[in-house]
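Inspection log for the structure reproduced underneath, given as C-alpha cells.
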Amino acid sequence: MFASGEIETTRLRRNLGITCNLGFSCGGFEDLGVRLEGENMVVPEEEDEEKVSETETETASFQMIQQPFQQKLVVGYALTSKKKKSFLQPKLEVLARRKGICFVAIDLSRPLSEQGPFDVVLHKLLGKEWQEVIEDYQQKHPEVTVLDPPGAIQRIYNRQSMLQGMADLNLSDCSGSLSVPKQMVVLKDSASSADKVVEAGLKFPLVAKPLWIDGTAKSHQLFLAYDRRSLAELDPPLVLQEFVNHGGVMFKVFVVGDIIKVVRRFSLPNVSNCEKNKVDGVFQFPRVSSAAASADNADLDPRVAELPPKPFLEALVKELRTLLGLRLFNIDMIREHGSKNVFYVIDINYFPGYGKMPDYEQVFVDFFQNLAHAKHKKKHCK
C-alpha cells in the first residue's frame, strides 16, 4: 500500500497522519497523530519531507508492520447533551482511540437496528418509548453489550424500590455492617402524613426526597423537615427518610464494572437533641454532588473521614451488581456518627457524573478494553 520512493513514502505518512503507534480510529487517520501532555492535547508539527532519512522511513514502516493486533470496540452512545458534554471529554476520546475504542453518536431519528454495527450501546435517556427501543434492540442483537438494561435502570429511578433488598445482602464476613435509614412513601397530602410518620416509628428530623428521579434538577432537591408541621410545606410524591448523624461527611462510591472509586463530599452536620427542640420548618440541602463540595483534602477528624474498608466495599459492590443488574452506578453512603464501621446507603444513582471521579478517563478505557477482550475471547471459544 506504500508508494515507492523516499519522498512519496514520506508524503503519504504525513498526509495520513501515520505514526509508529498505529491504532484504530473512527474519526480518520488524522486523529492518530494526537498525543497528551498532562491534560492538554498536542498535535505534532509536520516534518519537512526533505529532512526525513531513508532509515527513518524504513524504521517507521517496520514498526507499523510489527504493531500487534489491537481488538477494536465501537461504542454507540445515546446521551443527553448535558451528559455528553460532561462525559465525552477530549482526554477520554483521545485515550480511547489509542486503545482502539471509538465512540459513535446514535441517531435518534433512525431505527437503532439500522445503525452500527456496535459492540456496546451506552445510554442514559428517559421515557417509555426509548426503553422499548432498547429492549427490542437487545432481543434482536444479543451479541451487543447494553449499558445498562432499561428495566434495571428503572428500578433505581424510583426511590421506593431503589433500596429494597439491601437487608438481604451477604456482607456477614466483611469488616463493616450495612443498613438503610427507616423510610416511608407519601403519595399525596403531606400534611396528613404526620400521623403515619409516627405510626411507622420514624423520628424527626426527616430527609424528604422526590419519589421519582426524572433527570430534572428538582428530582435531586433534598429537604430536612424538623417537625410535623413542616411536612405541609413539602410536595408529594416523596420519600421521607430518617436523618442519621454522620459527622457531615458522605462517601460517593463510583462503580464502573469491577472498578471502584471513592470520594468524600461534605454533607449536613450532626443534629443535636437540643437543635431538634429549637429548630422547626424545612431546610433545603446544599448540593453535595458538585466538585466544590469535595472533602477529600479537608482537615477532618479521621474517625469521620476514614474511607470505608476496601473488603467491605468490594463485597458490597459485588452484591449490588447482582441485585441491581447494573454496571454503571454510584452509591451514596454515610458512616453512623460515633461508630467504627456502621454504614447506611442513602441513595443510588445510575450513570452518575463520572467527570467528578478521579482519573475517570483511564477507568473507562480499562473498562471498555475488558469488554473488548471478553467479547474476543467468547467469540473464539465457541
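Just so you know, glycine gets a Cβ as well, placed from its N, Cα and C.
Taken straight from TrEMBL:
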- 74-153: domain 'Inositol-tetrakisphosphate 1-kinase N-terminal' (DOMAIN)
- K83, K124, H220, K252, N349, G353: 1D-myo-inositol 1,3,4-trisphosphate binding site (BINDING)
- R159, K209, 241-252, S267: ATP binding site (BINDING)
- 175-369: domain 'Inositol 1,3,4-trisphosphate 5/6-kinase ATP-grasp' (DOMAIN)
- D332, D347: Mg(2+) 1 binding site (BINDING)
- D347, N349: Mg(2+) 2 binding site (BINDING)
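Here the CA atom of N349 (1D-myo-inositol 1,3,4-trisphosphate binding site) lies 17 Å from the CA atom of Q241 (ATP binding site).
Long-range Cβ neighbours of V249 (ATP binding site) (same chain, at least 6 residues apart, Cβ-Cβ under 8 Å): R264, R265, F266, S267, A295, L300, V304, A305, I334, R335. Candidates K124, R159, H220, G247 (binding-site residues) were compared with D332 (Mg(2+) 1 binding site); none lies inside 10 Å Cα-Cα. For F251 (ATP binding site), the nearest neighbour among the listed binding-site residues (K124, H220, D347, N349, G353), judged by C-alpha distance, is D347. The Cβ of R159 (ATP binding site) lies under 8 Å from the Cβ of K209, P210, L211, W212, I213, V239, D347, each of which sits 6+ residues away along the same chain. Distance from the CA of G247 (ATP binding site) to the CA of N349 (1D-myo-inositol 1,3,4-trisphosphate binding site) is 22 Å. The binding-site residues N245, N349 differ in how many other CB atoms lie within 10 Å of their CB, and the one with the most is N349. Separating the Cα atoms of H220 (1D-myo-inositol 1,3,4-trisphosphate binding site) and F243 (ATP binding site) is a whole-number distance of 17 Å. Counting every protein chain shown, 19 other Cβ atoms lie within 10 Å of the Cβ of S267 (ATP binding site). The binding-site residues examined here are K124, H220; by Cβ neighbour count within 10 Å, the least packed of them is H220. Within the same chain, residues at least six positions away from K83 (1D-myo-inositol 1,3,4-trisphosphate binding site) with a Cβ under 8 Å of its Cβ are K124, F351. Of the residues the record lists as binding 1D-myo-inositol 1,3,4-trisphosphate, namely K83, K124, H220, K252, N349, G353, the two whose Cα atoms sit farthest apart are 20 Å from each other. When the neighbouring Cβ atoms lying within 10 Å are counted for each of the binding-site residues (F243, F251), the highest count belongs to F251. For the domain 'Inositol-tetrakisphosphate 1-kinase N-terminal' (74-153), the number of residues in each DSSP class (helix H, G, I; strand E, B; coil) is 36 helix, 19 strand, 25 coil. Rounded to a whole value, the Cα-Cα separation of G353 (1D-myo-inositol 1,3,4-trisphosphate binding site) and G247 (ATP binding site) is 24 Å.
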